[in-house]
Number of protein chains: 2
Amino acid sequence: MRLAVLGAGAVGRSVVKLAGEHGHTVTAVADSRGAAIDADGLDPETVLSRKSARGSVGGADPGDALAAEYDVLVEATPTTLDDAEPGFSHVRGALDRDRHVVLANKGPVAERYGEVRRLEAESEGSVLFEATVAGAIPVLGTIADYGPDQVTAVRGVLNGTANFILSRMAAEGLDYEHVLAEAQDLGVAEADPAFDVEGTDAALKCVILANVLGNGGYTLADAEVSGIVDIPPSALSLAQADGRTVRLVGEATPDGIRVGPRLVPTESPLAVGGTENIVQLETRHAGTLALRGRGAGGDETASAVLADVARLEC
Amino acid sequence: MRLAVLGAGAVGRSVVKLAGEHGHTVTAVADSRGAAIDADGLDPETVLSRKSARGSVGGADPGDALAAEYDVLVEATPTTLDDAEPGFSHVRGALDRDRHVVLANKGPVAERYGEVRRLEAESEGSVLFEATVAGAIPVLGTIADYGPDQVTAVRGVLNGTANFILSRMAAEGLDYEHVLAEAQDLGVAEADPAFDVEGTDAALKCVILANVLGNGGYTLADAEVSGIVDIPPSALSLAQADGRTVRLVGEATPDGIRVGPRLVPTESPLAVGGTENIVQLETRHAGTLALRGRGAGGDETASAVLADVARLEC
């Protein structure tokens, strides 16, 4: 397939780097400052080294990438809330031209799911978004194969940064501020960690899951969200004394969309350590499926993007 | 889709029962003694109650089911080794007619993978077999989506009966014969448990995985297999004193296909309890994915069959 990649952050760059291994060609790449476009296929190394040397993938107008020749638009620009722009317009642009869209950007399917599905219904193109939920973990593919009607609830640890902080606080008896600083040093937490530690990122994933299971109707405003900022180390030691630990658990169930710190038994599958993610799917006839792996990272998330591209080929 | 179901054991019966929930029609069902056939769609309740009342799903010739009207042949007769008959001929019969095949029977893809793939290449039909590896767990769908080339090794606990016995032996300090009898009482082990406790069943799953990853070339004869029959309770208590336990681990790696009892840390994801299964996929770019759930059971395995049917529809 010919891919146009919008966004040249960690995920977009990894898609450019790995596309060839899967037999695909990248015909356009854009970041906020420029674009590289070649209908015959770009050389990944040239594009990526220009990006690191000069800060942009190429000298063309970024807006031209959307209009380039491609079969699949990979939307990997940063997630934005509310109107989910410019991601939403990118999705519309590709679908209007009957092209497929694979999203790594959560905005359009968290905040404007119904509109995305309506545009898709009028297009020859399809929209997939495995990469928006739990990175490398094949959550949405599994739900699609087993049938959204067959999945009665989803529950999981969906943010690696928050999980790293909670794991370290529990293991070392350190307070939140101290571990956050450490996570920032390690590159596990962003300079502005609010999106992760306040639960927004996990909530967006739960909203997307609720939309998939319920065929739309939810936005971030429907989620009941609390983060991990106010958890004292004493709460973790109390939990530990009781054979439990605290995890930031997100859920999409018939009772609603909720994200918050929860006590879980240390032996529970939900008590993953470090930056790992886990997603539990409760099914009507197949019990609980637990899917565990890396929930973030450029190559990991790009693998999910490329899995979606493979599904579009079938 | 219109389904013809060959085999009316637990899996075949569950496929008949659940097909309607997924929007499919069952046009033929056969067991070893008879068949029910109706191109307009059978009534599942009628077929299943005839099976339980009279021992067979219907009065037609079982051989006629293969020639009935259907889009997908669901092959759920018992797994046989070596020539994998009659399953293999059922696969050929459907592919010769350009129909799809979904296997729950491991024989054809463990023992005659290359032939199945060659027949498929000459047919308009496709062959899928999610249900042959780890029941409800979406192992093969994940490998297909992420790309067989991207998965470097697979390792897992792939037999629920053996795992139940090992878990109980470790938890209660009981010997093998005692726990086996208990498992037989509970219906977790068969009257003749050899297939499960000697490692054959897990080995067949690993052979199938090796065939998928390596594009064929393997049969059961290539697997190095040892079971759990000779494990003394003392081995389990020794392991326990060291923070470990014993699990029957199967693997398909570049070093070969192996099944045998292995020491694993009690905190390892491989240390699942009871009849659960877990499969770890090591990937080139996305770390290790761990998929956990019910590895057997009629409804669970039927869910995997119906997930394959959904993939054929796309």
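Yeah, the Cβs are placed from backbone N, Cα and C, and that goes for glycine too.
In TrEMBL this protein carries:
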{"type": "BINDING", "residues": "A:Gly7, A:Ala8, A:Gly9, A:Ala10, A:Val11, A:Gly12", "note": "NADP(+) binding site"}
{"type": "BINDING", "residues": "A:Lys106", "note": "NADPH binding site"}
{"type": "DOMAIN", "residues": "A:146-309", "note": "domain 'Homoserine dehydrogenase catalytic'"}
{"type": "BINDING", "residues": "A:Glu190", "note": "L-homoserine binding site"}
{"type": "ACT_SITE", "residues": "A:Lys205", "note": "active site, proton donor"}
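Recorded features from TrEMBL, shown on the structure.
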{"residue": "A:Gly7", "record": "NADP(+) binding site", "DSSP class": "coil"}
{"residue": "A:Gly12", "record": "NADP(+) binding site", "DSSP class": "helix"}
{"residue": "A:Lys106", "record": "NADPH binding site", "DSSP class": "coil"}
{"residue": "A:Glu190", "record": "L-homoserine binding site", "DSSP class": "coil"}
{"residue": "A:Lys205", "record": "active site, proton donor", "DSSP class": "helix"}
Report the mean pLDDT of the predicted model across the domain 'Homoserine dehydrogenase catalytic' (A:146-309), rounded to a whole number.
96
With an 8 Å cut-off on Cβ distance to the A:Gly7, A:Ala8, A:Gly9, A:Ala10, A:Val11, A:Gly12 Cβ center, who else from the chain surrounds the NADP(+) site?
A:Val5, A:Arg13, A:Ser14, A:Val15, A:Asp31, A:Ala76, A:Thr77, A:Ala104, A:Gly298
Please identify, from the binding-site residues A:Gly7, A:Gly9, A:Gly12, the residue with the sparsest Cβ neighbourhood, meaning fewest other Cβ atoms within 10 angstroms.
A:Gly9
Out of A:Lys106, A:Lys205, the listed recorded positions, fewest other Cβ atoms within 10 Å surround the Cβ of A:Lys106
In this structure, which of the binding-site residues A:Ala8, A:Ala10, A:Val11 has the fewest other Cβ atoms within 10 Å of its Cβ?
A:Ala10
Within the same chain, the residues at least 6 apart in sequence whose Cβ is under 8 angstroms from that of A:Glu190 (L-homoserine binding site) are A:Thr161, A:Gln184, A:Asp196
Cα-Cα, whole number of Å: A:Val11 (NADP(+) binding site) versus A:Lys106 (NADPH binding site)?
13
Just checking the recorded positions A:Gly7, A:Ala10, A:Lys205: which sit within 10 A of A:Lys106 (NADPH binding site), CA to CA?
A:Lys205
Distance between A:Lys205 (active site, proton donor) and A:Ala10 (NADP(+) binding site) at the Cα atoms, whole Å?
19
